[in-house]
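What follows is one structure encoded as structure tokens, with my remarks underneath.
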């Protein structure tokens, strides 16, 4: 084996390898995963040995070329690994070295020398050979990516050569020269992302684009930038400074020399900046070739990047450090500032979630830059600017790492989500530290002893586990504290609650005093109604008290002015709670009780108008707010103003905060949502008054006057008058309904408004194939108007040109060209559906549109539109008895499609036959026949010259002719001759039918055609038409013509229903319909906004394996079999496609077919890559000539054009998948992880433009100790493996700080490009036709609007593609579809409260990367991370819109348990939102009506769901109290109650709302809009028959349980729902664990309540209303108890039931303990279920105990009804029952 010890040895052979003793490797052989795959060893290198991976890759690359050299490379890698870790202490090092040694021992004897006699000679000769063949002339012939790989191989080979040849003198001079050349040029050929900036030689087309050149020149302009004076130590060579100056190639290098940014970060942001400048500069640029940036390009980018920074400076009243001295190149300095910000942002890691922290860092570093450039004085020290040469981790180590450490230490206080939010500072708290001028106390460089850093360290007490963090003096929360309490709902939305409470009070007063609304005009009633302001004062006092209590933990971080404001607010509120009651009491005549007490205080105030004056003064702030409400521009400017006088005025109205200022909409938008809510509130209050409140007034009065003394139990307060308990029991559910039913009214009004708005948006105008056929003629024009930028320009200029014959001809040619362009897009759309197996080959042929109609005088429509037109025309002509040509032609022309089909058939047949004939005489015969036809038509003698009866036989013969002609040419000569003879015979028969059976004077044709050739007249008829050219049939365009003509002649009515696949129909109709919707016109491809797509991926399925496909469940059902039954037509299409492509790997294609129907990453990547296909096609249509367009996109052969198309696609589109664990999966021994890695690698190789970002974990030795280091890495696909592009070191593990998904997005966002960013989840899909509309929707970000405000997030609609998987999936699909369409449509307009609800929204990328990113990531509180991006965008002045002319596919959970886990996760998230500062600030900063919209569309929906369940509890416990106490029987026997059914009717009203049927209204409306209302009604009925109501009622319980529990106790966590197909039976134990606490226990409790109410109650024995009152409750109980079994596959199979019972008993009997999984033991599961109670606060524990006391009501009531003490009602009876129960328990315990 080779060795580095020298070359001496036997025959030049190297000595044996180091002994096992020397290497420290154990004798045991450790098997490495996939050892048989020898190419994989380079990817399995342990992280601590990462530097040897390139060596092993080189070995694998040259293995086939020279195995001996590959062996030497591996040996060199082994020796290097041994030197790096001699003791093999690193993770996985020992096993890897053992594996490598085993392989080296094997290869030493197997590999032979090929070029030399020994290893040194072999190595040198191979190096020379490799250099000459690959490096020498490669730069002139090879692409940069190929050269990068070659130079890497050459570098490694030279390193190995120097190790093998130990004496440098024995290495030839030529080799040394070559090696120096390689070293010098290597940096020019590093792996690149999009732009090979330093490559020489053959450059990709993208580097030749003028916009790239001018952007690159701009950042390379460093002429005016002084090189820093580097303080060098004495041991540094003199040429170091020169080398450093040489390395400054551009502005980013110059900044790096100042601050020490990482190499990977600099390279990444260099490309990022160049692409930003290029894309912004080229927009609207008329000159195709230009040499410098436009003057406003950099300024425009500067304004966008620094808008938040400038706002921050103004807010803190600090001067911006964006300074531009006179006489300096302003553009250069602007680029310096932009580059500096991007470099800071690119390396900030988790600090990117803290935008104002980044502003602070930039503020100080920009000051340093300015001081260096213009003062040559260090801004901190004041001395001459000299610095030690900063290493490339200087910025990370000195700036980012200290802040990251603060984050990390604070997160440890979170205790894995178990600690209260109030005990630790999250991202928002730390970022908001920089909203105060005190942040400047940090200094620069930052002072480690500053208050930001102190009190953040862990204080680990002795004998305490390290993860148990305790704190001494903890830093306070900043501005807000997230306490767990329902009072947050009142605090955030106090205006709403005050309004509803005051309205309720007023309605009760009016109903009580008069019963009519006109009673309000009565003086006494009006005076009583005025008491609502006293209620308002007390509620405001409550709000002020809550502000103090809930924010007290943050007081140490507040300004004194904010604290003063809280105290004054509290004092003023307290003042009004005293003054208003006193004033009111003074205005009441004959006062009694409490009013008399207050009246004695006010006896000196005799003027009864005092209360009115007091109310008027009290209302002054509200009146001023109302005035400002109607002047939104004034309110907006006042809130955003930093003038001290304005700040002072606004100080009372709202606390001074950096965000949430000036969020008011324009007046028109305000008017829209104000009218929406005024109408809604009028309807809601009228309904509440007349249906809920008024019917209860009279019974309440009667009950209050009744005296009851005959109780059925021991009454503790028998002397309480007016039966207050009964009144509470009756009114409590009605009051809850009153507060909840606004949600129902919102559902109704949003349905109506959304339906009308959708209709006006042209939704559903084309929803069936029939509608499509009727409007297809206008589809190309609509396409040209919306999707073809060149047609738009032509349409605009056409109005200014004088119309004449020439322009008319030009219009016709332009129209023909537009149709040709449409056909390119339409056909690619159809081909994409065929590739996806949605349509068959027949469907494809029927749907395709010919590219060019140059051979035909009419427009060639798709055959599916022309189906049966030819047969109908033939029948019409055959049966036509008259001899009037005009009548026949009028009938044919009446149907445009029929006329087109007839003309096309005639002209195409003529063209085909003439083209086939070689003999000129034969051609003249055919031409003569055609001439006769045309002359007869012109002379209107067609019916006289031709017999129509012969047409059917002619049609049959032509069908046979075309069928044989379309068959593939046979290879054997005999068969080919027979095939040709057959065609000749049919052709001759066809001509004979025409001349004899169809033409009246057909025999004259031959004579006229051959009158100049006497010889031909003597030839027999049979010898004519024998010379034909079958070579034409091999031409692709000829084949298409033949296929099309055959379809036109043969297809009957069946083609009308093409395509048969429902998904294909939906996509076709939606695409056609979207062309008529209001979308911006498409810009030219170079003018469009550039964009990126980012997909976060964790460890979900990438591509299903063969094992997963064929694995059968207990019923023998596999996923493949399941999908074959669900998608039978698509499976048939797949088999048809595979049978045509013999070369394709069947197993691989089957895996793809299944994976593309699941929720897999491969499906998502395929869909997103349609964007690149669309961009290439758009380039073709814009830049190709007419000939190329008419020939078709698929025949495009211009290599230069294709390269430019790829270049523009790369310029405009980037796709990054953030595969967080890709590096771990690569090295994992787990089979599933290896499968994920392999499949992701295949995706990168299949799609070369796909980029994968991941977090790499490596071991590094620091001060002799191993430490973990973390990196953000970007890779792309190479030939066989991935290639690393950028590597940026992180300050620590990023995902430990916040929630996993947003952290995963955040680490990868630096690798995205462009001005827009679309977030796509990995359960989404995309379609080619929708990708084509992407540039249209991107125009929404920049198009001119009435107001200056432009959108910052574009919401897109989704299509839920999992609806066909199961009934539950269909329910979820319909529910989700209604939310992402009609729901979000109304949220955006008119309500203006749409946020970001997940993917696939499009972000204004620059806006969001400078304001905290596209999500929030604080642990637990930001569990629903997506919506917080919308909150953040809105709070920071953004605008969010919704657009429905484009759609993206999305998968949803398909099984009961998956759906419930998803609903639980969302409910947890909404519970956390309720506690968050974002919801509080939006609720407080929105105006009243927008606040209502915000509440009822976010947390209010979940609170209403919880209240709906609470109503059932309150009603039943109230009835239980009445029944058990005997009060109900006594009251109903009262004559006043008995004679009136008002009480029963009032009680019945609340049950209406428990049905929840009104909540499906949006679903029905949207289906009706898009599919027709008959279909909607049918779907609704089918859903009910499939028990959709049971499902939705069950999910109501899920929402209520998890939302309430989250607010009370916490316990929120990310729940992996799983996105696979549910083809298995869930065991009862699984269902019990999932639903026991949330549904089963509650369902049983309600069941007992209902039974007791039925057994002991006598309220409705003679009334039919009893069933109506309790039916909905019985339905709810049944749904909660049985839904998991109803929707469980094989849920009622007897054998499975027995097995489930056995499994459940075993689980219940197992003991728990440490390490026992909840799936194995009831005890362990119970401990986990109660975990939230262990970490809840004292209030949560007390509330839980109080709620548990409700069960004692059962015992208390039943004991007295059992009559065990002979009707005694003494309390001793109850106590005796306790004695009996305790005795029974003791006896059982003793017996056990």
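Each Cβ is built from the backbone N, Cα and C atoms, and glycine gets one as well.
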Transmembrane segment per TrEMBL - which of 1716-1737, 1738-1759:
1738-1759
With contact taken as 3 or more Cβ pairs under 8 angstroms (pairs 6 or more apart in sequence), are the transmembrane segment (532-554) and the transmembrane segment (610-631) in contact?
yes
Contact between the transmembrane segment (716-738) and the transmembrane segment (744-763) (3 or more Cβ pairs under 8 Å, separation 6+):
no
Given a Cβ distance threshold of under 8 angstroms, which distant residues of the chain, six or more beyond its ends, lie next to the transmembrane segment (1738-1759)?
484-485, 713, 1517, 1520-1521, 1523-1525, 1608-1609, 1648, 1652, 1656, 1773-1774, 1777
Under an 8 Å Cβ to Cβ limit, what residues of the same chain, 6 or more beyond the ends of the transmembrane segment (1771-1790), are close to it?
714, 1755-1756, 1759-1760, 1764-1765
Look over the recorded stretches 496-512, 566-584, 675-696 and say which has the most C-beta pairs under 8 A to the transmembrane segment (610-631).
566-584
How does the domain '1,3-beta-glucan synthase component FKS1-like' (332-447) divide up by DSSP, counting helix, then strand, then coil residues?
79 helix, 5 strand, 32 coil
Cβ under 8 Å, sequence separation of at least 6 from the ends of the transmembrane segment (566-584): give me the contacting residues as numbers and ranges.
530-531, 533-534, 537-538, 540-541, 543-545, 547-548, 551, 595, 598, 601-602, 605, 610-611, 614-615, 618, 652
